[in-house]
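Novice: There's a structure below that I have some questions on.
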Amino acid sequence: MQRSIMSFFHPKKEGKAKKPEKEASNSSRETEPPPKAALKEWNGVVSESDSPVKRPGRKAARVLGSEGEEEDEALSPAKGQKPALDCSQVSPPRPATSPENNASLSDTSPMDSSPSGIPKRRTARKQLPKRTIQEVLEEQSEDEDREAKRKKEEEEEETPKESLTEAEVATEKEGEDGDQPTTPPKPLKTSKAETPTESVSEPEVATKQELQEEEEQTKPPRRAPKTLSSFFTPRKPAVKKEVKEEEPGAPGKEGAAEGPLDPSGYNPAKNNYHPVEDACWKPGQKVPYLAVARTFEKIEEVSARLRMVETLSNLLRSVVALSPPDLLPVLYLSLNHLGPPQQGLELGVGDGVLLKAVAQATGRQLESVRAEAAEKGDVGLVAENSRSTQRLMLPPPPLTASGVFSKFRDIARLTGSASTAKKIDIIKGLFVACRHSEARFIARSLSGRLRLGLAEQSVLAALSQAVSLTPPGQEFPPAMVDAGKGKTAEARKTWLEEQGMILKQTFCEVPDLDRIIPVLLEHGLERLPEHCKLSPGIPLKPMLAHPTRGISEVLKRFEEAAFTCEYKYDGQRAQIHALEGGEVKIFSRNQEDNTGKYPDIISRIPKIKLPSVTSFILDTEAVAWDREKKQIQPFQVLTTRKRKEVDASEIQVQVCLYAFDLIYLNGESLVREPLSRRRQLLRENFVETEGEFVFATSLDTKDIEQIAEFLEQSVKDSCEGLMVKTLDVDATYEIAKRSHNWLKLKKDYLDGVGDTLDLVVIGAYLGRGKRAGRYGGFLLASYDEDSEELQAICKLGTGFSDEELEEHHQSLKALVLPSPRPYVRIDGAVIPDHWLDPSAVWEVKCADLSLSPIYPAARGLVDSDKGISLRFPRFIRVREDKQPEQATTSAQVACLYRKQSQIQNQQGEDSGSDPEDTY
């Protein structure tokens, strides 16, 4: 009958315990293997009888090339394998003394050794758990060590492997000398450590020793003995190897910086900056995003505009010299744009999505991240601080400027119900790869608030300075890295200003970096105007007018110059582009593509122009029109019209185009022609159609009474007032300018401040009395371009009807926030009952402006300690066509304050001293 493993070996335990002294006498016979008969007689069984390990032993014997019961004994405990905990509780085995067995079979003696003299372990194998051949084969199939060690592994896999408990490993270590083979460092799935084979020939042992000595020279230093007993120990060397293999390959990965400096130490603000030697990447490599982040850090630390421009310019010089293809992504990252305005790409990532991505990327709790964001007021700082808590075994490659910009565009293109989850996945991937301050600026860019004070004009100035000092198109190494070297400070400044004007004028006509940058890199700055010219299909920033308080001011401004007065229509600016191939595009004041909003206008273009007209750009105002009454409708009616993908058959609100300027005609730019010439060409090449396309009503006169009557008539005709423009002198079309050569004279201007203001709603106060249960007042703010802040300017509570108050309450309650946005500044203003997400823009009129110690708007621009506030503000309307960044700026508020008659009388200044501003 088949016996268990324990009963198979148990009868011999006493016999072995009584003969320990005869172990030494058998040392003379260690060189010869014992006869098989003696082994069988000692076992008391025949090899073909009831041994429970006979078959596995024979199968292994064919592999090992040895015979007899010796192999059976070596493999027999595999069937009776026990947990390591049980083995650790077994008392040390007694030494065997059987005279029939030689030293190679008696592994329990403290002096036991192999035929070659290698010390043997002293534990009784019959009580040790052993693996089956199947387990060994499975481990062999999972072995993924490098090819250099494969020969050694094949030798080791021929030997049966045994498990050691912690106590046994410690005991074995005490008896081993320095030459004894140690556990190989290859990773295993189990905790079983390999031990020397007990029955091998002397040549085999010698060969094995040579292989082990070879490995000793190549493998890393031996770990502490205590780690050998850990259940997970075999995995640790594998992890270490993976890290070591990753390190040498990491710098070679795409986008990794191998320049003379590590990106973390990059400093574009240093004096005497060298675009090649001080860069942190090599020629042809992608610009590390960390270099961009370090540049933003340096810009954030200073407030002087010239210093900010110089710092950004130094980065751009390195990009031009080393990685020209990355110039466009770096510029867009600096502007926090995703492309030209007409592409309509916006990130649309709210703070909630950002915080969720931060939490998932760093393993933090979402509530903890939200609490920190509320405390710090800056999602960027929260992302940066959270990043330091994350540890990765295999860190992703370093971020590159082009890679980050590409991810931003991917996020902007996502639409649909699952877009939020996809956005979070992309953002999470960016955060995981962030180093140092990268997370701060990625989070800020995604939120749409980079908070650097880098306006568009500053970025253009930095670009012109970069390509002037370090001209593009040079062979590497560039022969000229500082073209201004040798010039005096004054001459250098004048030269850079002249170069900057070239780029500025070109950008006004072609406000599309996608077109400008390739030409700039190929032909240089001085030849840029030759290759980038105004053309249909690329929207322009329109020319705007300055406000004026009365007719007398108009006459004083223009003096002897001829001028014209036109109706100022209350609608939306529409820039009509007709391309050579017949395609028509319509753009808004903000260069947004509104072509899909006005299919009715596009359909009427062929009949409003003469056949000789092949291409043009018209400046017009789209106004709501009542076809039955044949009159202009209020602006609010126009805002009810659908904005996107409008079906012409479903249009409820009809529009009429009022054309007042012609900018481009049949391949020729007209921006440098006087208004009189542009107006003549407009009327000669286009045909009026009532209710569809009409020229702006105008009057050419210098008579004050006629102008006053014309103003009153414009109001009766549902217009806002008049636009007064010079006809011949200084009468060019000034793109992107708020020019003093165009003055707006509204009916409201005759009493009061001279202009309305477009302000952002940042808070709401709960109403009382008849306004109880809804908002009764609102906190408004102007926009500061330099600090990118919204600065509180007044509390508004008048000008609303009951219906309007209810509408505002319903629309604004969805914008309620637990705390103000970090870029909202209120100083001493009364804290509102509800903070609002600053997205709504309202047009407001006031009696005048006054200095205020409470409100921070324009503080420091007129008075060093006081801001400016509105007296008796009154709500006019909602400006749905404006974003918060397009609201009245603090600089404009200061300008309006200075232009008040009583202030001018005190200062003895003329309003003409105000500089014309590019917006």
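In case you wondered, yes, glycine gets a Cβ from its N, Cα and C as well.
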Novice: Do you know which of Ser91, Ser535, Ser819 is annotated phosphoserine by Swiss-Prot?
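Specialist: Swiss-Prot records phosphoserine at Ser819.
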Novice: Examine the ranges 449-458, 509-518, 749-758, 779-788 and name the one recorded by Swiss-Prot as region 'Interaction with target DNA'.
Specialist: 449-458
Novice: Of Lys585, Lys607, Lys609, Lys744, which one shares the ATP site with Glu566, Arg573, Glu621, Lys725 in Swiss-Prot?
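Specialist: The candidate from Lys585, Lys607, Lys609, Lys744 that Swiss-Prot ties to ATP along with Glu566, Arg573, Glu621, Lys725 is Lys744.
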Novice: Annotation phosphothreonine per Swiss-Prot: which of the candidates Thr165, Thr548, Thr798, Thr889 has it?
Specialist: Thr798
Novice: From Ser47, Ser386, Ser588, Ser676, pick the one Swiss-Prot annotates as phosphoserine?
Specialist: Ser47
Novice: So which of Ser106, Ser201, Ser718, Ser901 shows up as phosphoserine in Swiss-Prot?
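Specialist: The residue tagged phosphoserine by Swiss-Prot is Ser201.
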Novice: Let's see if you can do this one: DSSP helix, strand and coil counts over the region 'Interaction with target DNA' (449-458), in that order.
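Specialist: Split by secondary structure, the region 'Interaction with target DNA' (449-458) comes out as 3 helix, 0 strand, 7 coil.
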Novice: Rounded to the nearest angstrom, how far is the Cα of Glu621 (Mg(2+) 1 binding site) from the Cα of Ser801 (phosphoserine)?
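Specialist: It is 28 Å, counting Cα to Cα.
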Novice: What are the non-local neighbours of Ser819 (phosphoserine), defined as same-chain residues 6+ apart in sequence with CB under 8 A from its CB?
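Specialist: Expected: Ala374, Gly377, Trp835.
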Novice: Does DSSP put Ser819 (phosphoserine) in a helix, in a strand, or in coil?
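Specialist: Looking at the DSSP assignment, Ser819 (phosphoserine) belongs to neither helix nor strand, so coil.
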Novice: Might you list, by sequence position, any residue in that chain lying six or more from Glu621 (Mg(2+) 1 binding site) with a Cβ less than 8 Å away from its Cβ?
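Specialist: Same-chain residues close to Glu621 (Mg(2+) 1 binding site) (Cβ under 8 Å, separated by 6 or more) are Tyr569, Gly571, Gln572, Arg573, Ala574, Leu657, Tyr658, Phe660, Ala696.
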Novice: Could you tally the C-beta atoms, other than its own, that fall within 10 angstroms of the C-beta of Ser801 (phosphoserine)?
Specialist: 9
